[in-house]
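Asks: Before I ask anything, here is the structure I am working with.
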Amino acid sequence: MFISVISAGTQPEEPLDPIGLFVTRPQDGEVTVGGNITFTAKVAGESLLKKPSVKWFKGKWMDLGSKVGKHLQLHDTYDRNNKVYTFEMEIIEANMTFAGGYRCEVSTKDKFDSSNFNLIVNGKMNSWHLWHSDTLIPFCRGEAKSESQSDVDVWEILRKAPPSEYEKIAFQYGITDLRGMLKRLKRIKKEEKKSTGWRAVFIPNICVHILFFVSSSNINISWTAARYKTKGKNSLFRYIFEAIGNKRILTINHCSLADDAAYECVVGEEKSFTELFVKEPPILITHPLEDQMVMVGERVEFECEVSEEGATVKWEKDGIELTREETFKYRFKKDGKKQYLIINDSTKEDSGHYTVKTNGGVSVAELIVQEKKLEVYQSIADLTVKARDQAVFKCEVSDENVKGIWLKNGKEVVPDERIKISHIGRLVLTLKLYLKIIFSAFAIEPPKIHLDCLGQSPDTIVVVAGNKLRLDVPISGDPTPTVIWQKVNKLLFESEGRVRVEMHEDHCVFIIEGAEKEDEGVYRVIVKNPVGEDKADITVKVIDVPDPPEAPKISNIGEDYCTVQWQPPKYDGGQPVLGYILERKKKKSYRWMRLNFDLLKELTYEAKRMIEGVVYEMRIYAVNSIGMSRPSPASQPFMPIAPPSEPTHFTVEDVSDSTVALKWRPPERIGAGGLDGYIVEYCKDGSTEWIPALPGLTERTSALIKDLVTGDKLQFRIKAINLAGESGAAIIKEPVTVQEILQRPKIWLPRHLRQTLVKKVGETINIVIPFQGKPRPKIIWMKDGQTLDSKDVGIRNSNTDTILFIRKAELHHSGLLDLEPKATGFFHVSSADKPGPPQNIKLVDVWGFNAALEWTPPQDDGNAQILGYTVQKADKKTMEWYTVFDHYRRTNCVVSDLIMGNEYFFRIFSENLCGLSETAATTKNPAYIQKTGTTYKPPSYKEHDFSEPPKFTHPLVNRSVIAGYNTTLSCAVRGIPKPKIFWYKNKMDLSGDAKYRMFSKQGVLTLEIRKPTPFDGGCYTCKAVNECGEAEIECRLDKILSTGMEVYLQIVHCG
């Protein structure tokens, strides 16, 4: 059966991913059996604060991080110039089970991305293959089993295996969906007969083809998907069935989640099936949420954009999932790829962090809800108008929804035909008042200017920049006077333009359209006629909003706060600056958030509630009675980062006459700024001047301070440094005196060296012996009282240990090694070789089909314990040797099952740790097995007396033991009747001493000495007594070494 996925058209090149983390994604690969291949993934690190986490998977769930070894290696590097992380997965000596689909997942603090790729192994296909195309939107995977190429049936193995072996089988045969297989295995009710002529290969794409080969082109088949039968009509759009020769093809167009099923092909009683898995791709967040600041009662709308239209997302507030409540406070909206969260009538309780989550990403934004506070930006100004002219009073407030009430002399003004009240544009309330005045007739008189301020200090008229200034100056005189306006000796007579003069019979008008700062000054009006002249000075002052302040400066940056400082604007607009407004935004955002609603009176402000590791910018507004200035330039971008906490466990490790060794552990809290290193300082006791102990920073957690003065008392402290600055100081409580501390030499013998160390000839010997002592003791190695030759062995000494190194052990290295100074360690070195052959082999008796042999132990045991004997026999005719007994422990045996009429020779090898002896002891005369029918006349003999005096078959061995550890003395004895056993130490009976325990089993005698001390040394005797006699054997226990003072090294030569 072949399963393949064929693209409906030519696959386009993989587009660049502007959203994901990958710079280069792993590509599909192909390798032959036994070859090597490397998959590479590159991740952009320019916007990452720390190294991303990368995992490699095979199939759905197999994490390859635990499979690193001979055939799989994972590597990662970082290019500092290009700021790119490179991750590699190397497959070594690939085999067919390595084929399949793989996945690389990379994740950071707030982002996630994954990439699928495939490995094709060319060769004899005997396992399942997984192929995947990056252009496929749904993820498809097929599994099938080759039935004709191998005798291995994975379904049968899983059916018979215990549950504890499932994971091992899955890894051995490359099963990528073990859980799915086990579920389907439970649904199989009977063993189905499956065809042996179908194979399977799967390549997923938009169009899926399932291909079977049958033995005959006339065979009709039926298709089954999951629990229903597919309809065999070619007219269906989704399923297309084809029969081309011996091929049977099922085509699924536009594969979707509904096609995730098991597909089965049935031909008579034969069945074969495969499985198709369809998985949705991860939904990525292409445009994240942005922070917002609103007033109470306003509508809030969070917006984000995802990679798929109509995708399902999850909204949370402070970690709690949001749902549509009965009041419809939260409303969720989808518009193509855009997702919205709408909050109607926001309240203070709605402040917090809002999160949108998909299966491929997370985005967080902060909402700040402030209470409204009404402010008057422009108050009512006094007006002087001419009769019948219009008077307009204006008042500007901060909220356009506020309705104002106009009062005249404490009474509310009611609008009518003459008085109109309107709410115009952005927060402006106007009052228009039409006045009527009746004029009287005047007589002929000299020119006169009728101003209220004449004869007093110059009148000052204040106008807001941008507003229109109209000065109506009543004049009188007969004949009608001539009016002249001037400013700083400059005549103003234009009748058109921004600054102009209008002449009327009884008054003149001076107009400035859109007042500017340059219009400030003293204006003089002069009236003349033949009778005389009059003049008056009018001062005009133009007020405006302040200039924008300079860019604020950021200082004292902490974990979630910073201090903002700024200077007053160079020009305050002619009015005192009432305060300042501060705004903040994330560097990559376009939305500015207001940090204060009450005006700031000071020139500094501590901004809080920022997220550590996020880059921010600040700007400032200046506010006076006229309004708010334009914003200042943005501050330099900054990142809230806190310095680390102080290092922990700061202690003194060692002190000498001129050095002090210090050690410590990293801080408990490092933060987003990482850790650049440590600075170590010291000062003399009683002084306050701290001196750097090391040049620059150190990244280690230990330091050796050199070139100190002997006898000085010093205080030491250490600080951790990162991008945010220094941490608090960790200080040693007591002053340290720079002086060598005397310490007697002492050797710490490792536990594994407190017993005999056996090494074979040619092996490497590497013995490490720790020691202590101040000043540093001189180490001398000796063997049998002579200093070791440095040419033959290697000796390396450090401040804390000494190493004896022998590259290839030889027999002459055996002996007693002595380690000085005299807190010594002894090393008993002995060599061993293969043993000699047994001695005195005798053919004791032959009867029936049996032959009895007897021998004595070899004269040369090879300096090692005899572990047993190997007995062989050979027919005299062929002389081919066959083993009868091996590892035989006794020195006599009976060889049975011999063939009647043949003659046999026997030979015996001895065996120890190094192996069998080079030669064997062979019987001189053959053993003849007589044929049946031969008259046998048994010899006449007296009844055999089996009585035997005691005889020790295995002697006691002299011992040297370690004090404090139980030891045993063993030997073997035989005798008939069974002898009685007595143990003595220095001729003293040990029967009543509780420190000793005696054992006797199968003729093996054992004396156990509990926790021996140097006083337990001496001569130990074992005595066996029966009615036929007695026997004694003794040994010496003369070296009871203290714990940690003795090592036995036995070198064994194995030929």
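These residue numbers are counts, starting from 1, taken along the chain as shown.
Any Cβ shown, glycine's included, is placed from N, Cα and C.
Residues annotated as domain 'Ig-like' in TrEMBL: 12-120, 281-375, 447-539, 950-1034. Residues or ranges marked as domain 'Fibronectin type-III' by TrEMBL: 548-644, 646-741, 837-932.
Just tell me what is around each of these and how deep it sits.
Replies: Mean per-residue pLDDT, taken over the domain 'Ig-like' (12-120), amounts to 83.
Residue counts for the domain 'Ig-like' (281-375) by DSSP state, with H, G and I taken as helix and E and B as strand, are 3 helix, 49 strand, 43 coil.
Note on the domain 'Fibronectin type-III' (837-932): DSSP counts are 0 helix, 52 strand, 44 coil.
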Asks: Looking only at the domain 'Ig-like' (12-120), how are its residues distributed among DSSP helix, strand and coil?
Replies: 7 helix, 57 strand, 45 coil
Asks: With pairs fewer than 6 apart in sequence excluded, do the domain 'Ig-like' (447-539) and the domain 'Ig-like' (281-375) have three or more C-beta pairs that lie under 8 Å?
Replies: no
Asks: Counting by DSSP secondary structure, give me helix, strand and coil numbers for the domain 'Fibronectin type-III' (646-741).
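Replies: Per DSSP, the residues of the domain 'Fibronectin type-III' (646-741) fall into 0 helix, 45 strand, 51 coil.
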